[in-house]
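What TrEMBL records for this protein:
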- B:6-26: transmembrane segment (TRANSMEM)
- B:38-56: transmembrane segment (TRANSMEM)
- B:68-118: domain 'NADH-Ubiquinone oxidoreductase (complex I) chain 5 N-terminal' (DOMAIN)
- B:84-105: transmembrane segment (TRANSMEM)
- B:117-134: transmembrane segment (TRANSMEM)
- B:134-418: domain 'NADH:quinone oxidoreductase/Mrp antiporter transmembrane' (DOMAIN)
- B:140-160: transmembrane segment (TRANSMEM)
- B:172-191: transmembrane segment (TRANSMEM)
- B:245-263: transmembrane segment (TRANSMEM)
- B:275-294: transmembrane segment (TRANSMEM)
- B:406-432: transmembrane segment (TRANSMEM)
- B:422-602: domain 'NADH dehydrogenase subunit 5 C-terminal' (DOMAIN)
- B:453-473: transmembrane segment (TRANSMEM)
- B:485-506: transmembrane segment (TRANSMEM)
- B:583-602: transmembrane segment (TRANSMEM)
Amino acid sequence: MKLPILTIIMTTIFTGTMLTMISSHWLLIWIGLEINMLSIIPILTKNQKPRSTEAATKYFLTQATASMLLMFTIVFNAMHSGQWTTTNIDPNNMIVSLTMIIALTMKLGMTPFHFWVPEVTQGVSLMTGMLLLTWQKLAPISIMMQMFTSINPIILLLIALMSVLVGGWGGLNQTQLRKILAYSSIAHMGWMMAILTFCPSLTMLNLLIYLMLTIIMFTMLNMNTNMTTLTLSNLWNKSPTITMMILISLLSLGGLPPLTGFLPKWIIIQELTKNNNIAMATVMAIMALLNLYFYMRLIYSTSLTLFPTPNNIKMKWQFQPKKRSLFLSPLIILSTLTLPLSPVLSTLN
Amino acid sequence: MNLYTSFMLITLIILSLPLATNILYVHKNKAYASYVKLSIAYAFITSIIPTTLFIFSGQEMIISNWHWMIMQTLKLTLSFKLDYFSILFVPVALFVTWSIMEFSMWYMHADPNINQFFKYLLMFLITMLILVTANNLFQLFIGWEGVGIMSFLLIGWWYGRTDANTAALQAILYNRIGDIGFILTMAWFLMYSNTWEFQQLFMLDNNLDMLPLVGLLVAATGKSAQFGLHPWLPSAMEGPTPVSALLHSSTMVVAGIFLLIRFHPLMENNNNIQTLMLCLGAITTLFTAICALTQNDIKKIVAFSTSSQLGLMMVTMGINQPYLAFLHICNHAFFKAMLFMCSGSIIHSLNDEQDIRKMGGLFKAMPFTSSSLIIGSLALTGMPFLTGFYSKDLIIESTSTSNTNAWALLITLIATSLTAVYSTRIIFYVLLGQPRFISMPIINENNPLLINPIKRLVIGSIFAGFFLSFNILPMNTPQMTMPTYLKLMAMAVTLLGFVLAMELNIMTNNLKLKIPSSTFKFSNMLGFFPTTMHRPIPLLNLYMGQNTASSLLDLTWLEKTMPKIMSKTQMTLSTTISNQKGLIKLYFMSFIASALMMFLLIS
């Protein structure tokens, strides 16, 4: 795509999300979401393949439905409560709170509205997929964090639990890396939403760490354009550093101590237990093991074993890498080594 | 002090001398057999003295010798209880054993291991005496197990024969099943009465639960071959005839009944256990009498006859008459041992032929044996004023006049008449008619070793009943008054049995041979009890064991339950969840459906 057009579209995407995040009037929030959705469609179809078009269509349909539901909720709320502020939604108004949750979770790609996430992620290129799984989550989560007091906790916990389950089991059957990361996103959304009604700062923390890790993963995969596990297995010869970093990042994504990815899971479980929700915490922790398993499978094929290869693979000509790797090193450090910084959490409100 | 303790201990020492002098290699000597026989004869004589003392002064004694160990509150000692039962039983047992030892000197004279045989018989006798003189359950158990082991060794005497080995094992197994009840009782008494001594047990609470008494009953069922644990007794006829005479007619099989007799103070208060004993004894006596009707092996007929009499003893216990049962034990020993010895004499003379269909016409050929056989059979059926009459008739009278189970009484009467039937059958087939054995057997009964014991036991069969009944002390009031027909009932049914059997047997000389009816088959196959119980039940047990160990434990619990199910579940779930085909309309419909469900959930 030509650079000016790309710049405009990227700016529009940025504007849309920012608009949603800074406004307190419902209409403006919805406008921001719409701008965001409309301007990301050309990004999705950047690839000019039929698969990407199909992915873009699916994405558009889902997000449009979600925005429509959101609009319905906004108008209903305005009718019943006579005001347009985000923070004053009446929790006793069943239709409003429920439909709000449905709309927002549909935007985020949580179960039972998760069907579009793997397909859309698979249909687009790696960097676009990264955009999809990281930037697009910001707007709906910011809305949810503003109105978290009026959400029905039972429904949200149910959705979160189901998301964790689906994310764990769905990812087991995949060899395509984009789909693996899509299911991982579904599971992480589940973790984030589980703690929303108890302590939203932890949602923010989880989101932050998740964003860092997903950006790292996509960037590293993009370096050698690895789309499948099979291509990953040739990585040891091409760039051993990437192999190492993938190992560490995946382990952190799976929530293994002493890496940073353990921190959100730990604190979330602690908060759930404090609220007497031990069954939920146990089930989520056990399901996170499944996530860890399919990450381990990737690690297994990259660093722990050598797949059978013909002999001339070992004698590759090493070129300079041409793909951009924005902030890869600091992000890796941040997302794997900052567990000792966990006492910082006591400063959050 | 008097001679009581000294003579009892002398008796026991005389008996154990042939075993204790093993280190002097006496058992390698050819004269060992007569040495053992002589020891038993002397022991008999010395044991008469305490018995006479008891009869004349009613003195009972408990000899408590050796303090063995104390386990917290339980004291185990070696103590001999010489009361009514053991004092009277010991001379009887010694007398019969003396005769049997002399007889087996004739019967087993061609056996190279005859010294070992006598040693085994002696060991058996000693353990039997330990059993009857025991004052606590522990010592009784020692004797109990001892007679079981010796029975095993003696039944399997000709161990080259597989049938003998099987029979010996069968005896041990059935006895062991009975031992479960014994140990149950011992454990119960240990827990609830904190003792194993008889005195203490009877002093404490007399109204006991059913459990220990049922345990004793099970033990008696195993040892005394009551119905349910009875097949070992006819199979035990694989052993030599002296073994059958000693163990399986007079001494070992009465050990079970003896145990019940010992515990009669506890049984007389519990009506339920008496009913159980009554019904069990009635079933046993009728069933084994039916089985005896169609057997063709002379020893098996006598074995079933023993079983039937044991059932009768159990019936007596069931109507709360332990002293009558004991009297029947003593009387029965005489004529049953003699019946076995006569069978042994016949078998040996006919060159080891045991099938009664191949005997006949021995009335003139072996006069002494046939006379004693006839006397023994008459005593068995309860001919007035022979030995059996004094106990058997009293038993039938007591059952007729007690207000108890009429069905059991009827069964017992039928069994009494059947006793006469099979006795007649033996006499007819063995003694009467034309000879059916192969020509030129050496029929010789001139040996004094054979004649003297039988002679002694014949005198015992005729007079012992009288002798015992008029010398023992009456311990409870006997039944004196009853209607005439009840008094004559036992004799009437016996006569009926005799006449019927004689008629039927004579008829078989004139009629054509028929295909056996199903009743005949039932009787001949021992009621199909061994056929149905011996193989299927252990097979089921073994299958269950195999299935439990390999299928249940190894396969299911360790392999399938956690690992396989876990992996299968996860795989199924993951394929189900990630099985998407891009059906957008379906997805949106699912969205609507989920939204609706959520509405319904919180409304």
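Glycine too: its Cβ is placed from the backbone N, Cα and C atoms.
The stretch in B:38-56, B:140-160, B:245-263 that contributes the largest number of Cβ pairs under 8 Å to the transmembrane segment (B:6-26) is B:38-56. Distant neighbours of the transmembrane segment (B:172-191): 74, 137-138, 141, 144-145, 148, 151-152, 201, 209, 211-223, 225, 229-232, 256, 259; these residues of the same chain sit at least 6 beyond its ends, with a Cβ under 8 Å from one of its Cβ atoms.
Restricting the average to the domain 'NADH-Ubiquinone oxidoreductase (complex I) chain 5 N-terminal' (B:68-118) gives a pLDDT of 91. With helix defined as DSSP H, G or I and strand as E or B, the domain 'NADH-Ubiquinone oxidoreductase (complex I) chain 5 N-terminal' (B:68-118) counts 29 helix, 13 strand, 9 coil.
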